[in-house]
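Have a look at the structure below, then the notes.
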Amino acid sequence: MKRKMKMKLVRFGLAAGLAAQVFFLPYNALASTEHVTWNQQFQTPQFISGDLLKVNGTSPEELVYQYVEKNENKFKFHENAKDTLQLKEKKNDNLGFTFMRFQQTYKGIPVFGAVVTAHVKDGTLTALSGTLIPNLDTKGSLKSGKKLSEKQARDIAEKDLVANVTKEVPEYEQGKDTEFVVYVNGDEASLAYVVNLNFLTPEPGNWLYIIDAVDGKILNKFNQLDAAKPGDVKSITGTSTVGVGRGVLGDQKNINTTYSTYYYLQDNTRGNGIFTYDAKYRTTLPGSLWADADNQFFASYDAPAVDAHYYAGVTYDYYKNVHNRLSYDGNNAAIRSSVHYSQGYNNAFWNGSQMVYGDGDGQTFIPLSGGIDVVAHELTHAVTDYTAGLIYQNESGAINEAISDIFGTLVEFYANKNPDWEIGEDVYTPGISGDSLRSMSDPAKYGDPDHYSKRYTGTQDNGGVHINSGIINKAAYLISQGGTHYGVSVVGIGRDKLGKIFYRALTQYLTPTSNFSQLRAAAVQSATDLYGSTSQEVASVKQAFDAVGVK
């Protein structure tokens, strides 16, 4: 946890031909109903909504392919859409939409961060979200072929990490596999490797390196500590029971346990289980599955485990009961947490497969699992990783952080646990009354921007992911609670509708490279889907983003 530029930069933790000819049947596309948000870098659409295209007897994905090819000049996209856009996900939702997610490729190679989503209802394409990288077919840099191997790329990344980050060779954890991609930065396109370096010592990190596959140049690097990947979980075979214990703040709560000689913090009632471990002040994870002799967890040493276990369950319940989502991956992944990590450690994070909580040093933090919004914030990073996949850098990273703050707060209200619009207030600076890490109602209170004109444009904090999240946090607060901000009045619509709108935006409209403007369009479209285009909900979303200067 660090203070920089008088701002709290706190990380909790989070780019040939058709095999079969496509026949363009008669269609109607009402151009006058199209609403377009433009990507300023490429001058191409990043969000289009309206009655875009209807072709009788055509599959939803074929509608997308036809629309993109029909508008090739608008997208500056002259490749075969069916060959280039790889369908990764397709499902029907409870509003009657068919939702699809596509990965852009170039000659079969995925383009880093280039994902688009599409919606079809009653045979009509209604929305296309995400930026297609234009003119890749003209890039001579993509025609030479790779010259480096995966191992050579990883060696380059590891050498730089030791020299400039860790100063010693870390003990690497299992990370994501190295991936061969097309990487685009401005007008430059490169064949590249994405190398993931995940480690716990000397300080936890989950670095992503983009290495040029031709000359070995480091094209980009950033720490994405909150990215999630399920890990293997060994469960105890026993009898489900209910224990009782006291949390970090002294409150008593019942917790689900499993009995097999001892009582273990293993909750079998939710998905594939919730497991809480004791790291015993070490940095080896996960540690030992927490065991107790009498199912009574009242010792002070027990308190962080009680809260980590209980609040993971509350967060699971929120996503299931409110959004019909089963765990962070939507498929009931087991949730693992380790407490008593290291000594005096002032942080909490996902290491890529589980939650990790430090005990704090007693001055900056007390045990971080004592904050329900902290727990839900971190688990929401995992939800984001399995849906929008927001890249943890610049505006997409700030959206990533804001989404975690928003749902961390909504879970706190769901649990009715002294809820407020502050982040981390229960565990931060115990000696300072009323202090918190960030404020959603008043980001400027802690030096964070509350308007796009005040955004941070430097390189610290991965391009301001924790700083600029304040802009989106303020918009979310206004959508829920209403108010007047910079002369713009917003009618509040309440927390429940805020949650529904942002959950739909996150899971169906946002893409890895989404910026604030695309988020606005995604939120407006989500409100339109849920409540209708002329509703107060849509008006309030527009008002809130106007109030924080996001167009």
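Glycine is treated like the rest: Cβ placed from N, Cα and C.
Glu401 is the residue from Glu395, Glu401 that Swiss-Prot records in the Zn(2+) site together with His377, His381. In the three-state DSSP scheme, Glu425 (Ca(2+) 2 binding site) is classed as coil. Distance noted between the C-alpha atoms of Asp292 (Ca(2+) 1 binding site) and Asp435 (Ca(2+) 4 binding site) is 35 Å. Counting other CB atoms no more than 10 Å from each candidate's CB, the binding-site residues Asp292, Asp294, Asp373, Glu422, Asp435 peak at Asp373. In sequence order, Asp435 are the recorded positions from Gln296, Glu378, Glu401, Asp435 with a C-alpha within 10 Å of the C-alpha of Glu425 (Ca(2+) 2 binding site). Compared over the binding-site residues Gln296, Asn418, Thr429, the count of CB atoms lying within 10 A of a residue's CB peaks at Thr429.
Annotation note: Gln296 (Ca(2+) 1 binding site) sits in a strand segment as assigned by DSSP. For Asn418 (Ca(2+) 3 binding site) paired with Glu412 (Ca(2+) 2 binding site), the C-alpha to C-alpha distance reads 8 Å.
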